[in-house]
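K.L.:
Features from TrEMBL:
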- CYS2: active site, for GATase activity (ACT_SITE)
- ASP98: L-glutamine binding site (BINDING)
- LEU235, ILE309, SER383, GLY384: ATP binding site (BINDING)
- 2-187: domain 'Glutamine amidotransferase type-2' (DOMAIN)
- GLU385: site 'Important for beta-aspartyl-AMP intermediate formation' (SITE)
Amino acid sequence: MCGIFACYRHPDVQKFKPTALKMGKAVRHRGPDWSGNWIANDTILVHERLSIVGVDSGAQPLVNDEKTISLAVNGEIYNHRILRKGLKNPYNFKTHSDCEVIIPLYLEHDAETPRFLDGMFSWVLHDKAQDRVIAARDPIGITTFYLGRSSTTPGAVYFASELKCLHPVCDDIISFPPGHVYDSKTDKLTRYFDPKWLVEPSNIPATPVDYKHLRNTLENSVRKRLMAEVPYGVLLSGGLDSSLVASIAQRETLRLNELAKKRVNGANGVNGSNGVQADGHAPGGLVGIDDTNELATVQVLPQLNSFSIGLPGAPDSAAAQEVADFLGTKHHTFTFTTEDGLNALSDVIYHLESYDVTTIRASTPMFLLSRKIKALGVKMVLSGEGSDEIFGGYLYFHAAPDKAAFHQETIRRVENLHLADCLRANKSTSAWGVEARVPFLDKAFLDVAMNIDPADKMITKERIEKYILRKAFDTTDEPDTKPYLPDKILWRQKEQFSDGVGYGWIDALKDQAEIHVTDEMMKNPKPEWGEDIPDSKEAYWYRCMFDEHFPPHCASTVMRWTPTWSKQTDPSGRAIATHEQAYKEE
């Protein structure tokens, strides 16, 4: 993850430059490797870089030869090799960065550019000749992005990766909507990501599940996310989603290692079978997938590293170790104490820029784990976010009344991921300069999974949650296929991450909230909260910590995570009666 700050049409951009650099510095944790800025007309772009691809040459902002187009990007463009190959007009690429392809794409496709990108991204592009800004965010909002305006500089538009860059200079901030593009020509946000399943939620899919197709599409999604020139690993909670991602990543790692051995033992240079050089790069020094779904990458570490965290004796840690042993990854199990977690809370809320209860509960262990991962020299990890939203994996989906309601709830959850699990995964890891990639939210995988008849996804007495995903990777009737996971893991019940790290974690948070928030405080919420009143002492406590870091107008960017079809306000999976470790009524 990188950090972006940009201001378009500032009345005195040279005078504003020191402030802009200061605002960029506020997200240097996202991009500790290098800083850059570019001024054209009355627009300034500031970039804080985390180098994952094009390490030696991809410093930003990126600028074309004529110095008329400048670009600041946060994210990864997985199909950049394919896009470079498909350009109609020649373009002089200065770097190996996957993001540079956005400039020639803009020259050919104008504001339609984001439609062609396969990846996770937030970017701001300035066209000097037209004095125009185009800004875009990936379809689901995997990368965080905000748009701000200020009553003191009317006409200026500000963009940033995090709230903390904007609130000192803006008094009107929104979360930049995923799948949208901003064009300063119209000063409007326009949806570019418009698949039928998203824009027509009343249209209920009727396509029966194709298990092999579902499996192959997820495998392709994981493969393209192994594009890197730095050490990478996988987050492994021991739940279904992260375990499947780890399993596929390990298969691909072993396959690539075998190919590398053949290249070294055979002819040096380019291997004609897959167009990859002996050093792991494609010709021209580029990494990434090509149009045959073959991957070129640089494996800095000989083994795939996997990481988990929990309180001592946590259910997820034991399951993660079992998966790692089965797969043969180099596994790192970290533990934290409740005191470690409680001590980190204020920092977690500062980085998350949220006061949502479930986000904070789950982000704290992830925040602590990311620091350990960075200390080991790993800069990129794969993670399992998105699966529960796509397949209705949360335990409250047991109560879905019919397939139409089930389908529409999955759409609502996917649409809100940028305010929940994507925000958590992005900001918890980028707080320490680690990038999280999420294969389940691949455009092609979403196209397959969200167009399956929701009747196939529904939970019944015979079918556990996410049955079709489990079944897609069940190889018991394929004697020639090596199992992806142990049966015990493949069919394990859903644990929300904040539960799986150890049930004592949530209990400790509630106990601390009782100490910090009195009954009297609950009866007298702050006037500036308006109607957004915390419904528990824990929620009240988090909101107070949020207020220490951010002014009241930032609260409009926060969404509370609550289950549907349930009277419970506690977002923990244990609040749902179908959980095997459900809270017992007093």
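A Cβ is built for glycine as well, from the same backbone N, Cα and C atoms used for every other residue.
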K.L.:
List every residue in the same chain as CYS2 (active site, for GATase activity), at least 6 positions away in sequence, whose Cβ is under 8 Å from its Cβ.
P.N.:
ARG30, GLY31, HIS47, GLU48, ARG49, LEU50, GLN60, VAL73, ASN74, GLY75, SER161
K.L.:
Roughly how many angstrom lie between the C-alpha atoms of ASP98 (L-glutamine binding site) and SER383 (ATP binding site)?
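P.N.:
Per the Cα atoms, ASP98 (L-glutamine binding site) and SER383 (ATP binding site) stand 21 Å apart.
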K.L.:
Average the pLDDT scores across the domain 'Glutamine amidotransferase type-2' (2-187) and report the rounded value.
P.N.:
97
K.L.:
State the Cα to Cα distance, in Å, between GLU385 (site 'Important for beta-aspartyl-AMP intermediate formation') and ILE309 (ATP binding site), rounded to an integer.
P.N.:
16
K.L.:
Let's check the environment of ILE309 (ATP binding site): how many other CB atoms sit within 10 Å of its CB?
P.N.:
28
K.L.:
Please work out the number of neighbouring Cβ atoms within 10 Å of the Cβ of the residue listed as 'L-glutamine binding site', leaving out its own Cβ.
P.N.:
28
K.L.:
Need one number for the ATP-binding residues LEU235, ILE309, SER383, GLY384: the maximum pairwise CA distance in Å, whole number please.
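P.N.:
Binding-site diameter by Cα atoms for ATP: 15 Å.
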K.L.:
Is it possible to get the count of other C-beta atoms within 10 angstroms of the C-beta of GLY384 (ATP binding site)?
P.N.:
24
K.L.:
When a 10 Å sphere is centred on the Cβ of GLU385 (site 'Important for beta-aspartyl-AMP intermediate formation'), how many other Cβ atoms does it contain?
P.N.:
27
K.L.:
Return the count of C-beta atoms lying within 10 angstroms of the C-beta of SER383 (ATP binding site), excluding that atom itself.
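P.N.:
The answer is 26 other Cβ atoms.
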